[in-house]
Amino acid sequence: MPNAQAVVTAEPMAEGAGARVRRAFPTPRLRTADPFVLLDEFFVEPPAGFPEHPHRGFEIITYMLDGAFRHRDSLGNDRTIPAGGLQRITAGRGIWHAEMPGQEGLNHGLQLWINLPRRLKGVDPEYQEVAAGEIPEDTGEGYRVRIVVGDRSPVRLHTPVQYLDVAVEAGHGWETTVPPDHRGFVYVLVGEGQFGPGGDVRLRPGQLLLVGEGEPVRVRAGGDEPLRFVLVTGRPHGEPIRLRGPFVD
């Protein structure tokens, strides 16, 4: 695994039926980021999408940035998630689902897979939808933070996770500290900025920086455009992540 100051660039690839993704991990550069299994930034226009397929052994957060996604599953759910909203799936012992564009044009979002600890691999599958207006926000001078998962968020996971969607205006800064028992990553969506404990690592869209337990995260938006990124951390399980296609055993 790269060290905590190494920059990882997401790899473009095809997934599903004609869908395009940038995969931050797993790739040869970054195999795993315990407790996280996979991070894809997806870009989908009809008729492309992700037709019916199975999952088992982990949880999924699909967070819509632009457009909408229609979700259908073996639990009987048939829902469309618009921009700013999300869905949480606990695959557990097994679920089938399909994810297809919910409208014409570009449908853009992030999908994050979170490992389930071995003792919970066989839990019943579940589905949860959270509307954009249900996601709490904090604002300050030159920044806005959406608490996608974490304190005050309605999202329920089996792993302690903090997932922040952060927007910083050009020329402004923001900082926080990783929880002492968490580790994770920063992933940039829009704009460029300086990151890291010393604020000296430059990232652009599609790039990721690992962060460690209790580490300060200092950010400054560079250039003339706003910066948007996600900061995602979680408590590691310390167990092997055995990824086999759509299953995590």
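A Cβ is built for glycine as well, from the same backbone N, Cα and C atoms used for every other residue.
Record features, source TrEMBL:
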DOMAIN    19-114  domain 'Pirin N-terminal'
BINDING   HIS53, HIS55, HIS97, GLU99  Fe cation binding site
DOMAIN    163-248  domain 'Pirin C-terminal'
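Sequence features, as recorded in TrEMBL, placed on the structure.
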residue : record                 : Cβ contacts under 8 Å, 6 or more apart
HIS53   : Fe cation binding site : GLY16, TRP96, HIS97, ALA98, PRO246
HIS55   : Fe cation binding site : ILE89, ALA91, GLY94, ILE95, TRP96, HIS97, PRO246, PHE247
GLU99   : Fe cation binding site : GLY16, GLY49, PHE50, THR62, PHE69, ARG70, HIS71
Other residues, Cβ within 8 Å of HIS53, HIS55, HIS97, GLU99 Cβ centroid (Fe cation site): PHE50, GLU52, PRO54, ASP73, ILE89, ILE95, TRP96, ALA98, PRO246
DSSP-derived helix, strand and coil totals, residue by residue, for the domain 'Pirin C-terminal' (163-248): 0 helix, 48 strand, 38 coil
Per-state residue totals over the domain 'Pirin N-terminal' (19-114) - DSSP helix, strand, coil: 0 helix, 65 strand, 31 coil
